[in-house]
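My questions will all concern the structure given below.
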Amino acid sequence: MEVFINLLVNGVSTGLLIFLLAAGLTLIFGLMSVLNFAHGGLFVWGAFSGAWIFKETNSFLLAIAGSIAIGMVLGWVLERFLIRPVYGNHVRQLLITLGGMLVLSESIKIFWGPNPIRVNLPAWLEGSYQFDGIIIIKYRVFVIVVGLLLYLALWLLLSRTQIGLMIRAGVLDKEMVQALGINVKGLFTFVFLLGAGLAALGGALLAPYSGVVFAEMGMQYAILAFIVVIIGGMGSLQGSALASLIVGVAGAFMAYYMPDLSLALNMLLLATVLLVKPTGLLGEKGSAV
Amino acid sequence: MSLLKLDNLETYLGQYHILQGVSMSVEVGSITVLFGRNGAGKTTTLRSIMGFNPSTTGSVHYHNQKISGMPTHLISRKGIGYVPENQGIFSALTIEETLNLARAKSTGDAEEKMEWMLELFPDLKKFWRKKSGLLSGGQKQMLAIARAYINGDGLLLIDEPSKGLSPIMVEKLMESILKMKEKTTILLVEQNFLMASEIGNYFYIMDDGKIVHDGWMQDLKDDRETCQKYLGIA
Amino acid sequence: MRGVVHKVPLYWGLAILLFMLLFPFVNDSRSTLILLTQIFIFAIFAMSFDILLGYTGIVSFGHCMFFGIGAYSTALIFNQLDATLPNFILGLVIGILLSALVSYIIGLLSLRLKSHFYAMLTLAVSQLFLVLAEKWRGLTHGGDGFTFSVPDIFKDRTSFYYITLISVAIVFILLKLFTESSAGKVLKAISQNEYRAEALGYKSLQYKLIASVTAGVAASFSGSLYAVSLRFINTNVFSIEVTLDALLMTMIGGLGTLAGAIAGAGIIEFLRHYLSELAMIYPIFERWTIILGFLYIVVLLGFPSGLAGFIKKFTSKKGRKEKKKREVGKAA
Amino acid sequence: MEKILETKSLSVSFGEHDVIKEVNLEIERGKLTSIIGPNGAGKTTLFNLLSGQIAPTKGEIYFKNDNVTKLSVPLRARRGIGRSFQLTNIFPELTVLENIRLAIQSSSKDYYSILPRLSFMSRQQDEAKAAMERCMLSGKEDVLAQDLAHGEKRKLELAMLLALKTELLLLDEPTAGISIEEIPAILEVIENIKKEGMCTIVLIEHKMEMVMHLSDTLVVLFNGELLASGNPKEIIKDQRVQTAYLGGLHRESIKTG
Amino acid sequence: SGDTASSEEETIKIGVLASLTGPLETYGKQTVAGFELGLDYATEGSNEVAGKKVEFIVEDTETKPDVAVRKATKLLEEDEVDFLVGSSSSGDTLALLPLAEEYEKIMVVEPAVADSITGKNWNKYIFRTGRNSSQDAVAGAAAIAEKDVKIATFAQDNAYGREGIAAFKEGAEKLGATIVNEQYADPNSTDFTANIQSIINEKPDYLYIVWAGSNAPWKQLKDMQLEEQGIKISTAAQDIASLKTMDSLIGMSGFSIYYHTLPDNKVNDWLVEEHKKKFDGEIPDLFTAGGMTAAISIVEALKKTEGDKDVDGLITTMENMEFETPKGKMKFRAEDHQALQSLYAVTLEEQEGVDHPVPVLIRELNMEETEPPIRNGE
Ligand SMILES: Nc1ncnc2c1ncn2[C@@H]1O[C@H](COP(=O)(O)OP(=O)(O)OP(=O)(O)O)[C@@H](O)[C@H]1O
Ligand SMILES: Nc1ncnc2c1ncn2[C@@H]1O[C@H](COP(=O)(O)OP(=O)(O)OP(=O)(O)O)[C@@H](O)[C@H]1O
Ligand SMILES: [Mg+2]
Ligand SMILES: [Mg+2]
């Protein structure tokens, strides 16, 4: 029983962490139909800058805020120079953001060197709670809380405001939306910055989670985020959240009960979902085929 | 009083010189019809007004205010509604969502306009929650017109609305446009001479990127020669 | 006549081939030979990718799996049996058959998916192959890999150079014929308007299958050559970087041209080589990956159809001007 | 009289909405049948059913007395059902000639040959030229389809259908968006096809002058149901057709024209 | 031209292959720096052995086997090097082994660790100054295993991890310990708590970890409070960059391969001093010492042959050759040319003014104790 609870808690918190990463991508991928491979690059930048700011200032909140800001600045540059010329063309988006990814990951090394960097936590998040046999790491609780809050905020933004609608329409016919008096360019930039900020936040929060960050993690997490977004169904925030939880929890349980298969778990999940329900768990009907 | 004034517009698409000095004006409360062969530049004229294909020289004035050079969304917010040639349907959005979107930056009383449009085109109400992409050709056209009307209030630019509509729909559309005329000004691109001549007040004929003829609609109907020469109507 | 025989590119192609055939006589630098051999091998791989992406519009993120299947088949045969030519053929054929089978099954299951979904699915499957190679340690020795010996004719750098060069030429010709064939034309049509192609009586799934099997087979062939060139194999051949390389090469060279893929392989490998050489002298080039990344972005933004597209545009502009002149002349 | 196509209580519904209801349609070989009906009546949907783009919820389709209800789009095309689309639908980045050649290739059953055959290609070339000539597209061989003017794209669609050598042509508003001067040209192409008597044509059109001019049979679709079918002159006198479809504007013009 | 030929004859060329870009670039750069210092030291600054000039040429393998092969071929054919040294990754190194055999040139492997280099894939031209996985494992076992000790293991699910644990198990069981649980985790995983949980359930005395690379589980081990539950952690104290990530393991006992304060000998003293001089006060690291060792081994061999480059002669000389290195005394075992060497049982301690946990010596595990099984006969 303790094992079960431990696995569950850890799985859920890993899941929500993955959700933070995937949420930015869902927004960009789902709403604007932009395949942003550089998302992983923003994520690493968030992780490194968060760790660095925390080390310099010793303020965790500042670290988070700073990394989000840096993520957004980079996101702006990406949107302005790489993505804007290729809106609406999936193949080119994929290819061009791949270039962005290369540059972002490699440039990490210019600033922080090629070695992995250790990341610390503020004292108030250190340690764990223990109730006979059940160990719950404090920071994971924190991540769970942040993840849930962010989910709520995004959900409100998308369902309670017209932004979601405008963006979806903008993707379908950019000119026509402009003709309705809506500033599509500004809107797209906004969403992209939001996504970039989320990616950076995900990075900043992941860094203390695993304790080390390294430049190569970008690609790895870009792929993970894509997997989650597709399993959940493109553009569906709920889908991404669900998929993140599944990936997190299944990962925890598989690693415990079937460690031999855990290496292949995410890919098996993805393959199964795509073959059985190509639109993803909560994806729109007919969007995948 | 002229509401919209085009002054010597020159527009290039790629290397092609499409509009070669287009000047025209649209009077408040009128229906002005733009005729011309395929490829004459009618659509391009409307797109230049909307700022999609900005002209290189010349100017567009709306309410005596220069709007050429402004970004499209600001032009739209001046109160200009646009129905594009290809209808510009948001295929994955429902009618409800589309019209809500039209309301977002609408000028004037959006509620009232919305109600009136639903009254005018009951089909829209009937398929309220349906994806626009699944509508029939005619239904899409109605949606596009309703969307433009709800969005703007001063001027409607409509590009070939009768395309693909059944005779009775064309007739209904004519009636609707005539009704709309009481509340707004309309610049219409149309191939259906029968329809356009019925409802238009003034007309321009374009050929090869230039205005080659203009005048009052009543006069055109009697002007066999012009009809023959530019519109291919015996 | 458009589309069947382009005379000018044909002469160019022959000239380049001739130059490459004579190259070992004028330059005896072994490492240049190896670099060129490497380029030829990746050119085949990039061409196979071009069949998918450039001609059929299929984005695959798992193309390395066929490269890997070919490489492992050859490597394992040499590891288990003697280093003889027939065994090479055996490995090659096994790789090709396996790749054909795998690409057929994957295609059948998933080619109905839209581009990016298909891309992710192929990524997933290729990663499963990576896991398989890692886990089946008894056979593959996992990530560390193993070495093996190859027939002497492959050991000799010059003869292997010629083998790969001729392979490129043959694969190029075969694939070119394929793209110019009826089926090839249909592929192009499908990539532009699948719906319409179906209404003309073409079963698009079957054509995509043909394309993906063809691409898989060619990729497997290049993988076999790769394994032979290294005499060593490890799970790297299944890594996503291999796929990304093919992507960079086809993009930079120009999609849907085959020749572009060859040029792209050359450009990328040469750049890598020289930038990393430069890094030995000027430390500022140490981060040459960034330079490569930037270059890639610039090419994508500035010349979206790659080098081949650029040349085509350039020459066709010239052609058009000349044509115009002629017309003017006639009129006068 | 010989039926080339027949539907038996063909129905389709999308969710709650019944779009085609129990349609029993018979198309006579060699004749031109026009389908008219208000917007949203289900005309395009009916075409989609016939050519296989969507599957019926109920009923069967017989083509030359074979049940083709379950066949896929390409298989039906191979049997001889060709169609054009309400919005132009071509291969934008191929040249006009290549567009047409694709159709020829399909009609000559050259589906899967993966090596080019020169003799076949030059024969294709000739056939393509012939089709272009009939559709008045000569001289545009090497133009990319996307660069054609709207009217020319329409003609290209017709040329492709001709090259496909189908026995049954389904034309969905071939003159939509064509300027008045160009309509006669398209009309002429269709008339020529009809005269040559090679294929049976089913036409969806809203331009009544054209419909009356061309049709042998007129079918009226209303709200997904077959309202009437038969001799055009008779049909348009039908009161229901008048009120449901034609409205006031056309009453005059048709009577006189 | 006869002149140049003879001066060519007089020069000894060494090709050094290392990852100078990519994820392993720190390793590669250390190797190169160490190699240069090693030449300096062994030739006493003259860069000459037995009157012959010694030159070395560095090439970047980019941690890609194909690039490694190309660069090595260039070294062998164009620069006509007499020795190869390298490389930073096991994959690259394995790909190079056949070249050494083909060109009949000695290759000194440093610092790649895969057992198969001196095992299944070995050929007689291969000498390894770096320690191999099995030596690590034997040392790891020697540091903690004794009768009736219960040990759980945790490693990355790849060749490095699996190989390391297999060798450790063999060594530990020989010493009477029992392995109660073996966990392997996806090297790319974010979350290792499930594996750790499973280990906790077995209540072992020790947890032995084999881990290389960035994504290390140290933080989570601490979060899961292993120490508090009476489970002692043991692993290798590797290079400084990894030590920097091992904050949460302070107090653990394990083993070290090299730390600048550990081997107390004059070669190491020289290295530390010169390195600090040359690199702005920086201390030498694991692979710096490795690079130096490789250089020393070559120069020592050449000294013994009096500059004779004859390969067979060199091989005979090098087999069983003992030489002093910054990592202590080493000896190339005749059977598989693996250098036997001391490793160090240590605990990690916090030290004033040092930004990483410092391995502090408990006892030296001498070269007999850490001798790995011979595996090239299979
Ligand atoms: N993107 C483009 N690039 C180059 N030329 C274009 C482009 N778009 C349109 N054209 C050309 O511009 C000319 C004018 O086009 P426009 O669409 O304005 O004509 P139109 O009068 O609306 O015709 P139609 O009645 O067919 O709609 C045509 O000759 C057309 O081929
Ligand atoms: N895939 C679909 N899903 C749901 N409803 C559909 C679908 N396709 C068509 N419809 C609906 O079926 C009805 C008939 O549409 P159809 O396109 O057949 O009309 P039509 O007769 O061709 O009209 P038009 O003359 O305007 O082109 C419309 O109400 C449309 O909304
Ligand atoms: Mg137009
Ligand atoms: Mg229709």
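Backbone N, Cα and C atoms are what each Cβ position is placed from, and that goes for glycine too.
Just so you know, TrEMBL annotations never went through curation; they're auto-generated.
According to TrEMBL, the transmembrane segment annotation covers C:6-26, C:33-52, C:58-78, C:85-109, C:115-133, C:160-178, C:209-234, C:246-268, C:288-311.
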Sort out for me which stretch, of C:6-26, C:85-109, C:160-178, has the most Cβ pairs below 8 angstroms to the transmembrane segment (C:33-52).
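Most contacts with the transmembrane segment (C:33-52): C:160-178.
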Counting only pairs at least 6 apart in sequence, do the transmembrane segment (C:160-178) and the transmembrane segment (C:209-234) share 3+ Cβ pairs under 8 Å?
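In this chain the transmembrane segment (C:160-178) contacts the transmembrane segment (C:209-234) - 3 or more Cβ pairs sit under 8 Å.
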Is the transmembrane segment (C:6-26) packed against any residues at least 6 beyond its ends, judged by a Cβ distance under 8 Å, and which are they?
33, 36, 158, 161-162, 165, 169, 259, 315
Can you name the far-off residues of the same chain, 6+ from the ends of the transmembrane segment (C:288-311), with a Cβ under 8 Å from a Cβ of it?
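Contacts with the transmembrane segment (C:288-311): 248, 250-255, 257, 259-260, 263-264, 267-268, 271-272, 275-276, 278-279.
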Between the stretches C:58-78, C:85-109, C:115-133, C:246-268, which wins on the count of C-beta pairs under 8 angstroms to the transmembrane segment (C:209-234)?
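Out of the listed stretches, C:58-78 contacts the transmembrane segment (C:209-234) most.
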Go through the chain and flag residues at least 6 beyond the ends of the transmembrane segment (C:58-78) whose CB is under 8 A from any CB in it; none is fine as an answer.
45, 48-49, 52, 87-88, 90-92, 94-96, 98-99, 102-103, 111, 115-116, 118-127, 129-130, 133, 139-140, 146, 148-150, 208, 211-212, 215-217, 219-224, 226-228, 232-233, 237-240, 242-243, 246
Cβ under 8 Å, sequence separation of at least 6 from the ends of the transmembrane segment (C:246-268): give me the contacting residues as numbers and ranges.
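Sequence-remote neighbours of the transmembrane segment (C:246-268) are 9, 13, 39-40, 42-43, 45-50, 53-55, 63-64, 168, 172, 175-176, 179, 188, 292, 296, 299-300, 305-310, 312.
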